[in-house]
């Protein structure tokens, strides 16, 4: 794949410029914060009790695991990151962290995350965390991202697993409840990512990453976004119907879902500056956060004690 992009020049790196902030940025803190939150909600919804200290260790391990995957992703994608406006300020591209240091950092943090999850929490949660890191790096980043138009769809498995890990950290099981949490994020990921791809289309074309708008065009992409948005609306109501959350959840999640559908439909009337795509992308982040906040606040079970 090296022929698809020009190599990044890392010859001007000055290690003394590296700061704690740079290593935090290497771990993709925005993504990591959502991973931590959804993982915590998964823990909260498990119908078992766990000591807060163990819960805290589990959250830290999930955070480190997500950061590990993010760091290794930046290491592998450093060539295309240098070509995209959206990613040109990442630490490796700016030259404040060497690529081999980023890889070592990612591997070490990932090892400790999985190890301490196994040592202090349970083996199932540790295995799921290991699988998530492996899937994000090997299946999504290395295999799918630069090869398949379905990169986001298939690769979305890793981003949807944190609440399953959190649930398993408390219950040592995988249940229907945790699978529904998984499905909400899994189905949310494609429309969220394709909205980003709509207004970053030139970037993806420039580095030859086969995102759907670049390969199939914007109209086809918008149709797919609408289809997934309808599926998301249906799946997001399931926690109420299996007794996981109360009637308040049903009403508010339904309203949020209708707004999500409105923004998805508005994409067909977007302006050349992709104003609606940007609005939809921003709302999709708010939507997922608020859905999981609702899952947390309206659940019919209590766990962490």
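Any Cβ shown, glycine's included, is placed from N, Cα and C.
Feature annotation from Swiss-Prot assigns transmembrane segment to 31-51, 52-72, 96-118, 123-145, 151-171, 179-199, 225-245, 247-267, 281-301; the stated evidence is sequence analysis.
Per-stretch counts of Cβ pairs under 8 Å to the transmembrane segment (281-301) identify 247-267 as the leading one among 96-118, 123-145, 225-245, 247-267. Annotation: stretch 179-199 has the most Cβ pairs under 8 Å to the transmembrane segment (225-245), among 31-51, 52-72, 179-199. Within its own chain, the transmembrane segment (247-267) has Cβ neighbours under 8 Å at 191, 195, 198, 222, 225-226, 229-230, 232-233, 236-237, 239-240, 276-277, 279-280, 283-284, 287, 290-291, 294-295, 298, counting only residues six or more beyond its boundaries. Here the transmembrane segment (179-199) has Cβ contacts under 8 Å with residues 38, 41-42, 45, 152-153, 156-157, 159-164, 167, 211-214, 218, 221-222, 224-225, 228-229, 231-232, 235-236, 238-239, 242, 244, 264, 267, 270, 274, 277-278, 280-281, 284-285, 287-288, 291, 295 of the same chain, all six or more residues outside its ends. For the transmembrane segment (151-171), the residues of the chain that approach it from at least six positions outside its boundaries are 31, 35-36, 38-50, 54-55, 58-59, 62, 66, 69, 117, 121-122, 124-125, 128-129, 131-133, 135-136, 139-141, 144-145, 177-179, 181-186, 189-190, 193-194, 209-212, 292, 303-304, judged by C-beta separation under 8 angstroms.
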